[in-house]
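Q: In case it's useful when we look at the structure, here is the feature table from TrEMBL:
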TRANSMEM  C:12-31  transmembrane segment
DOMAIN    C:54-419  domain 'Ammonium transporter AmtB-like'
TRANSMEM  C:67-87  transmembrane segment
TRANSMEM  C:94-114  transmembrane segment
TRANSMEM  C:126-145  transmembrane segment
TRANSMEM  C:152-171  transmembrane segment
TRANSMEM  C:183-201  transmembrane segment
TRANSMEM  C:213-233  transmembrane segment
TRANSMEM  C:253-273  transmembrane segment
TRANSMEM  C:285-302  transmembrane segment
TRANSMEM  C:346-370  transmembrane segment
TRANSMEM  C:390-415  transmembrane segment
REGION    C:440-461  region 'Disordered'
COMPBIAS  C:445-461  compositional bias 'Basic and acidic residues'
Amino acid sequence: MTDYSTSMRLKLPVVCIVLEVILIILFGLVVEYNDDTDAKKWDKYNRTTTQNLENEFYARYPSFQDVHVMIFIGFGFLMTFLQRYGFSSVGFNFLIAAFSLQWATLMQGFLHGLHHGKIHVGVESMINADFCTGSVLISFGAVLGKTSPVQMLIMAIFEVALFAVNEYILLSLLNARDAGGSMTIHTFGAYFGLMVTRVLYRPNLDKSKHRNSSVYHSDLFAMIGTIYLWMFWPSFNSAITAIGDDQHRTALNTYYSLAACTLATYAFSALVNHEGKLDMVHIQNAALAGGVAVGTAGEMMLTPFGSMIVGFLAGTISVLGYKYLTPVLESKLKIQDTCGVHNLHGMPGVMGAIVGSITAAAASASVYGNGMKEVFPEVFNKNFTASTQAVMQIASLAVTLGMALIGGLIVGFILKLPIYGAPPDTLCFEDSVYWEVPGEEEGHDELTTVKSADESEKLRG
Amino acid sequence: MTDYSTSMRLKLPVVCIVLEVILIILFGLVVEYNDDTDAKKWDKYNRTTTQNLENEFYARYPSFQDVHVMIFIGFGFLMTFLQRYGFSSVGFNFLIAAFSLQWATLMQGFLHGLHHGKIHVGVESMINADFCTGSVLISFGAVLGKTSPVQMLIMAIFEVALFAVNEYILLSLLNARDAGGSMTIHTFGAYFGLMVTRVLYRPNLDKSKHRNSSVYHSDLFAMIGTIYLWMFWPSFNSAITAIGDDQHRTALNTYYSLAACTLATYAFSALVNHEGKLDMVHIQNAALAGGVAVGTAGEMMLTPFGSMIVGFLAGTISVLGYKYLTPVLESKLKIQDTCGVHNLHGMPGVMGAIVGSITAAAASASVYGNGMKEVFPEVFNKNFTASTQAVMQIASLAVTLGMALIGGLIVGFILKLPIYGAPPDTLCFEDSVYWEVPGEEEGHDELTTVKSADESEKLRG
Amino acid sequence: MTDYSTSMRLKLPVVCIVLEVILIILFGLVVEYNDDTDAKKWDKYNRTTTQNLENEFYARYPSFQDVHVMIFIGFGFLMTFLQRYGFSSVGFNFLIAAFSLQWATLMQGFLHGLHHGKIHVGVESMINADFCTGSVLISFGAVLGKTSPVQMLIMAIFEVALFAVNEYILLSLLNARDAGGSMTIHTFGAYFGLMVTRVLYRPNLDKSKHRNSSVYHSDLFAMIGTIYLWMFWPSFNSAITAIGDDQHRTALNTYYSLAACTLATYAFSALVNHEGKLDMVHIQNAALAGGVAVGTAGEMMLTPFGSMIVGFLAGTISVLGYKYLTPVLESKLKIQDTCGVHNLHGMPGVMGAIVGSITAAAASASVYGNGMKEVFPEVFNKNFTASTQAVMQIASLAVTLGMALIGGLIVGFILKLPIYGAPPDTLCFEDSVYWEVPGEEEGHDELTTVKSADESEKLRG
C-alpha cells in the first residue's frame, strides 16, 4: 500500500472540518435535551432535594466518568507500549474517540428510539456513545501503527454505524442482554478490526519490525492504561445496568473476575516463558480479559464463584493466545494484529457471549425472584423461557460475528484506497510520520546529549 | 533579574512555615464545620437513610474529586512538557495548590458570607477553593520555568485574595452567572499571569532557550495532564451548579463542546504546519479550549448544537493563537508566556464570557420554564430582564480584565524584587536549580550508561 | 540469602494456580451476595427510584473506586521511583493486590460476621478487602527490590490473615474506632514489613546499591502514585464511615491535614538539604503522612484546625525520619527499608493512633450531640466513658504493634527459606531478574541508538 503522500496538511483538516460541520448541523436538527437535562421539563415539577437527586445524573455520572477514563486514558495509554508511537497512540485515540462519541450519539439515537423525530441526550447517551467508541478503539488496536488518522476516521464512520445496527439487532430485535458489551463492543470491535487488518495486510511489514516493540519506559506508560482499564472495568460493565442491586452486582462480579484473571495471567505468563520470566505484553493485556468475559453475564446471578472461574479461564486463554495463536494468525492467516486484540477482546468476547448464554439458560425464578424483571425482562414477562433467552444470546453472538467480519471486509477494502496517507512499510509504528517529534537532533535526554557532546569533542580531539 | 542566591534553604522553609502557622491560627479562630459536616447539627434530626443521602457530600463529592484530579494531576502534568522541568512542574504545582486551597477557603469564606463571624466549610467550599487554586495555577503556567517557588507562593497570596474579591463583585454585586469560571477562573488567571510575566520580562531568556522545549517522554507525561483535564472538564463546569437538571446539563454541554473542539484542534494543527504534521503543543492545550469557552454558558440552555459550535471555534482560535499570536506577544509585547495560557485560558475565557452574555440575552421563560429559578434567579425574580443579565455578564468580563491586569501589574512588581531566589537567565526551565536531580553523573538510563561506559573504554583504548 | 534459581517458570505458576483454585473453591462454598447485590433479596420489595438509590452502591462505590485507584495506581506507581524496578513495582503490586483482595474477603468475612455460615459480599466488603490489601502493599514497600513475587504471595497469605485477626480484636473486641486505618492498616503494615525486612537483612546489599536510586523519569512516574494517593486520601479515610455527616467530615478533615502536611514537607525538605534543594523522596512520601495521621481521628470532631496541626506535624516528622532516622535504622538496627515505610506509614500511623485516642478522650455530648451514635457508639450507649474509649484506642495501638512485630518476625523466618527464588545480592532492584525487559540490546531510546550507531561508525572509521 503506497500513498502519494503522508502529509496531513489538507487531508486531515478537510476530513475533520467536514465531519464536524456535518455533526453540528445534524445535532442542530435532531438532538434535544432529555427530560433530565432540560430546564423546563425537569423543573416542571416542584422537586424536593430527594427528588432532584433522582435525576439520572447522580446514579450514572460517576460510572460515566470511569468509562470515560477507560476510553481516553485506558485505551490511549495501553497502546503507548510501542517505542516510537506514543504520540499517535494517545493522540489518534483521542481524535478517533472525540469524533466517534458524537457520531455514535446520532447513530444510536436514530436506531434506539426517536422522540417525535428527535434524539434525546443525557448521561445514558453519553455512556452508550463512549461504549460504541470503545469498539472503534479496539479495532484501532488491531491496525495500530499501520494507518493514518484519516483512515481511522473513515473507519470510525462506518464502524460506528455498523455497531449501532448490530446493537439494535441484538438488544431490540433479539432481546439479548449484553450490558457490558462482550458481544456488542468486544467481539464486534475485535473481529471487525481483525478483518480490516487482514485486508490491509502488508507483506513487507518487517521493514518496520525494529519499531514494532516496546522499550522500558513505553511499557510503563502502557501500564497506566492497563491499570486504569482494570480498576474501572467494574464501572464499565455496570454503567447502564438497572439502578439498584443490578449495578451493584455487576460491579462486584467484574471485580472478582478480574482478580482471578490476574492470577491466571501471571501464572501462565511465567509458565510459557523458557526462562520463567514474566512478559509485559501478557500482563498489560491478558489481565484484562476477565472484564471482557463477564461483559454479558456480569449483571446476571453469576455469583462471585462463577465470576472467578470465568476470569481465570479468560486470563488463561488470553496468555496462550498471545503466545501460540498470534504468531500463527500472522504467518498463516496474514492477520497482523498489532495489539493482539484477538486475545484481549476477540476470544474473551466470544467466551463472554457463551458464558452469558449459559447463565441465561440457568435463570430461574427461585434465584432471581422479582429481580428477573430487570435482568431478563422477556423471561419475567413470560415472552421467553430461560432457554429461549439462551438461544437468543447465542444467536446474537452469531449475528455479531457475521456483521463484524463482513463489515470489516468491506470497510477494509474502502480503507485500502491509496488516498488516505497511510505510512509506507518502512515507516510504520513511527510517530514522526504524522507528528512534529521533538528532540530529533539532540536526543530526548539533556544529560545524554551533554555526554554525547563531550564524547564528540573527544572524538574530534 | 539576578538574585543573590537560588538556595531555598532558608527562604522556602520560612515562607512555608510562617504561612502555614498563620493559616492554622486563622482556621482555629474562624473556621467551623457547616451543617452537613458537623456531628451535632446534622444529627439533630433523626434522619432516615434517604435523608442522610441528602447530605451535600453525595451530590458533590464525586465532582469535587474530579476537580481535584484536574488541579493536581491535570495542571501538574500538563506542565511537564518541558524537558528538564518535570519535578518543578508537578512539584511546585503541588505546593502552590496545597497552599492556595487553604488560603482560598479563608478569603472566599470572608467574602461570600460569614455565619456569625465564622466561615462554614464543607464539600462546596472545597470545590470553590480548588477553583480559586486553578486560577493561580493558570498564572503559574505563564511564568513557568522563570520563577522560584517562594515567588509563586507570594504570588498566590495576592492572587487568591484578588480572585476572591473579583468573584465577589461578579457573583454577589453584579449577579453574574459563571459556574465554570470562564471569567472568574480562566480570564482572571490568564491575564493576571500574562501581566506578571510581562513585568518579569527577561530580555536574555534565550540563554535558556535550549531547555524551553519538550522531549519525547516529557510530551507523553504532559498528555496525562491533558487527557485528565479533558475528561473531567464536564465535572469542573458542573461542580457547583444547582442539583438536578443543572448539573446534568452542564456536564453534557461541556462534553460536546470538548469533542467538537478536539476535531477543530487536529484540523488546524495539521493545516498550519508546513509538512502537515500535528504539533503536540496544540493537542495538549487547544483541545481543552472547548471546556474553557463553555464555562459560563454551560449551565444555560446552550443546547448540544450551541456547545459544539462554541467548542469548534474555541479550538480554532486556540491553535491559531499558538501559531500566530504567541510569537507576536513575545516579540512585540515582551510577554513570555511559557505555556501559552493566553491561547488556552485567555482568549477562550473571554470568548466564554461573551457566549455567556449572548446566551443570557436569549433566555426566555418559554425555554427555561421554572428552571429559570436556578439558572438566572434574578431574571426569574423579575429583578433583571434577560438583557440586563447579559449586560451584567459583559460588565463582569470588563471588571475581571481590569482586576487581572492591574492586579498582575502590581504583583508583578512585588515579585520583581531580587529576594525570592529566582533562577538566573541561564538556568531557567531547569529542575536542578531547586531540586536534587538524580542520575546527573550516570545518565538517566542504566542501559545507556553501560553502553557509554563501553564507548568510553573504546575511546581510551 | 542465595536461592538455587530465580526462575519463576514453575514456582510462580504453581503458587498462583494453587492459591486461585483454593480461593475459587472457598468462594463457591461460603460466599454469597449480600442483600444489596442479590436480585431476589433486593427486589423482594417493590422499590421506588429513591429506594433503589438507597442501595449501598450509590453511597460507597465512588469512594471504593478512589480507594481502588490508590491501591493499584497509587501504591504501584509510588514504588516506580527505582530506576530499574518499574515493571516489578507496578507489576508485583498488581499481582499481590489481586490475590490479597480475594483472600481478605474470606478472612475478613470469617472474622467479622458470618450469616448462617456464609460470607456476604458487596461494596463494603470490596472496600475492606482493598484496605487489607493496602496493608500488605505497605509491607511490600519495606522489602521492595529484594524479594521474589512468590515470596510476596506467601507473605500476603499470612499478613492478610493476621491483619484480619488484629482488625477483629481492635474493632470488635476492644471497640476501638479506626475508620481510616491509622492502626489497622498503616501501623500494622509498616511494622510487619519492617520486621520482615529485618529478618531478611542482606549484609551485602550494597552490591546492588547503584540500582537502589531513582532516575529522572522514574521519579516522575512515582509522582503519579504520590499525587493520586494524596488526592484520594479523603476518600480512603471516609470510605467506610457512616453515611451522612460522618463521611463528609472525614473527607474534609483529611483534605486539610494533607494540605498542611504538604507545606511542612516542602519546608523541611529544603531545610535539611545543605544546598537548600528539595528532595523528591520527601515530596513523594512525606506529603502523604497527613493522610495517615488522621486515619483514626478523621471521622471525629477533630476540626479543620486540629487536622491541620496534625498534618503539619506528620509531614515534619516524616521528612526528619527520612533524613535522620532511616540511615540509623539501616546501620544500627539492620533494617533495610527500601521505601522508607517507617517514615510514611510507621511513625505517622502511631501518631494517628495517639491523636485518635486524645480526640476520643475529648469527646463530649455537647460537641457530638446525637452524632455520638455513629462516631462513638459505645460512648453513646453509655458502655464507655470518653476516657475508656481513649484507653481502648491506646490498647489497640499496643495490640497492633505486638501483632505486627511478632507476626513479621515469624513470617520473616518463613520467607527466609531459600526456596522462593529471591534475587541474589548483586541483582536486587533489577527488573530483568523476573521480567522480559525490552531494548536491552538497543538502548531504550531509538534516537540514542541511532546516534550511538553513528558514533560507533566514527569510532571504527
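Note: Cβ is positioned from N, Cα and C throughout, glycine not excepted.
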Q: Need one number: mean pLDDT over the domain 'Ammonium transporter AmtB-like' (C:54-419).
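A: When the pLDDT values over the domain 'Ammonium transporter AmtB-like' (C:54-419) are averaged, the result is 97.
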Q: Counting only residues 6 or more past its boundaries, what in the same chain has a CB within less than 8 Å of a CB in the transmembrane segment (C:253-273)?
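A: Same-chain contacts beyond the flanks: 180, 230, 233-234, 236-238, 279, 282-283, 286-291, 293-294, 297-299, 302-304, 306-316, 318-320, 323-324.
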Q: Applying the under-8 angstroms CB criterion, which one of C:94-114, C:183-201, C:213-233 scores highest with the transmembrane segment (C:390-415)?
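A: Result: C:183-201.
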Q: As a test: from C:94-114, C:183-201, C:213-233, pick the stretch that has the greatest number of Cβ pairs under 8 Å with the transmembrane segment (C:12-31).
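A: The stretch with the most contacts is C:94-114.
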Q: Are there three or more C-beta pairs under 8 angstroms joining the transmembrane segment (C:346-370) and the transmembrane segment (C:67-87), sequence spacing 6 or more?
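A: Counting Cβ pairs under 8 Å (6 or more apart in sequence), the transmembrane segment (C:67-87) does not reach the transmembrane segment (C:346-370), since there are fewer than 3.
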Q: Taking residues 6+ outside the transmembrane segment (C:126-145), which of them lie with a CB under 8 Å of any CB in it?
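A: Distant Cβ neighbours of the transmembrane segment (C:126-145) are 60, 63-64, 67-68, 70-71, 75, 78-79, 82, 85, 88-89, 92-93, 96-97, 100-102, 104-105, 107-108, 112, 152, 155-156, 159-160, 163-164, 167, 181, 184-186, 188-190, 192-194, 196-197, 200, 208, 211-212, 239-240, 337-339, 341-342, 345, 408, 428-430.
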Q: Can you work out which residues elsewhere in the same chain, 6+ from the ends of the transmembrane segment (C:152-171), have a Cβ less than 8 Å from its Cβ atoms?
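A: 15-16, 19, 92, 95-96, 99-100, 103-104, 107-108, 110-112, 132-133, 135-136, 139-140, 143, 178, 183-184, 188-189, 192, 196, 396, 399-400, 403-404, 407, 410-411, 414-415, 420.
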